[in-house]
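The structure appears below as structure tokens.
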Amino acid sequence: MTRFVFITGGVVSSLGKGIASAALAALLQARGYRVRLRKLDPYLNVDPGTMSPYQHGEVFVTDDGAETDLDLGHYERFTGVHATRADNATTGQIYSDVIARERRGDYLGATVQVIPHITDAIKEAVVAGTEDLDFVLVEIGGTVGDIESLPFLEAIRQLRNDLGAGQTMFVHLTLLPWIPSAGELKTKPTQHSVKELQNVGIQAQMLLCRSDRPIPDTERRKIANFCNVRPEAVIAALDVDTIYACPVSYHAEGMDTEVLRHFGLPHDQEPDLSAWNRVLDAMRHPEGEVRIAVVGKYTALLDAYKSLIEALQHGGIANRVRVKLDWVEAEIFEKSETAIEALRDAHAILVPGGFGERGSEGKIQAVRFAREHNIPFLGICFGMQMAVIECARNLAGLPDASSTEFGPTEEPLVGLMTEWARGNELLRRREGGEMGGTMRLGAYAAKLAEGSRVAEIYGKTEIRERHRHRYEVNVHYREVLEKAGLQFSGMSPDDILPEVVEYPNHPWFVAVQYHPELLSKPFDPHPLFSGFVGAAVKKMRLV
């Protein structure tokens, strides 16, 4: 029997529903249960693929090519269970599906309404493909009281009736603010949030209360009394030094025990949290610190690089060092000739993905600085494209090398595959048309050159990595670039698409077209990030 746990949030946004959901899933998984997490997003966009990074943060890409909410990254990192496009539904997707059904005549002339048609579609999205699971945890985006969330709340209310109380549970995440002048935690916001939830017909069975300090028993009983839950079901979600402490912290508060008790399942045996304890030990007892400069273009909102930040921390865990990130806006290198010297103290330099011309010349300067000063370098997606252009301009005698993303160029080192392989049977994009759905998305196979650094890093020559890009490195320039010293050490199986480049004579210089950060886990760091941070450690010890 599949059990559904619905996680809602109240009082304020950004309380950490995604982390809480992932932590609970990890605890249930540590007890041997099969779990899956899903996210319902109340925005009207079909997916976040065309949303600004400043608006939405990172777009997390799944193996099957879905562009999803960044919370799905947390789900994967905490559980190791790969998400699919079925695990993220938006209002835009739901409405598009219902309207398409109406146009086909599926509703047989009925008046199409939010109830039952939209809510039925939401319920279908929640339960689809969950037959072989023990638990499905469903996070409802937004905050209770938002008008956008109402159809989703109504749908999960109906699901409790459809499935029965024995198969469903509602967990509500709230805030307990500390008021210094009063010297106490205030419970009134939580009470009002629960009342708001009750107004739409939902009674929470557990309250997860965010707080920067323990909840006194008197306040716990008060919350339980006013909010109609058991005192044991008032769980303190205390602030912790790292998100990876949440499973251990929530278990200490009895969260997983209370969930199992609600469903009438055995809860006497302790979960196996040994992997989480090893992660925490490595993070809390580092043997050094490395400084990595990240030269980006969305540094005003670090959520745009969420998976990257986590993957670098995973590399630190693998090497038992603390990773300190120095965020550098690429454009500063274009405005000042001396600004590039800020990279001199870095133990490693990373140029991440991005879109558009802004900051591209600054990134190219950062690539050159890393190459010329023997600083470990990792380029990702757009970062690889800039590394290739830098090589073409400064080593291969092609000063006009550029990307067609920035405009017409005589030397299109980077371009849409349609521009330099027109007619190829492997083309997956449309010229022109809508921006959504025009990228290379999802997991693709690649082959690595025998004896290359990247093959040594992976320990194998066949890999599968996730992509999200519209432009490709032009394979027609491979020969001239390799003569200049840049090895094409990873290619698509058909030898059409360059996947990895490296400088064999550099201490550690690797650039990849894909996004390795999307597959990294705290207890299973991605080899590229383990190797990159390891190279930074060697550089640190030489300084």
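The backbone N, Cα and C atoms fix where each Cβ goes, glycine too.
Cross-referencing SER13, SER360, SER402 with the CTP binding residues that Swiss-Prot gives (ASP146, ILE147, GLU148, LYS186, THR187, LYS188, PRO189, THR190, GLN191, LYS222) picks out SER13. ASP71 is the residue from ASP64, ASP69, ASP71, ASP87 that Swiss-Prot records in the ATP site together with SER14, LEU15, GLY16, LYS17, GLY18, ILE19.
Counting only the Cα atoms, the space from LYS222 (UTP binding site) to GLN385 (L-glutamine binding site) is about 58 angstrom. Within 10 Å of the Cβ of CYS381 (active site, nucleophile) there are 23 other Cβ atoms, across all protein chains.
For HIS515 (active site), the Cβ neighbour count at a 10 Å cut-off comes to 23, with all displayed protein chains included. In this structure, SER13 is the one among the binding-site residues SER13, GLN385 with the smallest number of other Cβ atoms inside 10 Å of its Cβ. Among the binding-site residues listed here, namely LYS186, PRO189, MET384, PRO189 has its C-alpha nearest to that of SER14 (ATP binding site).
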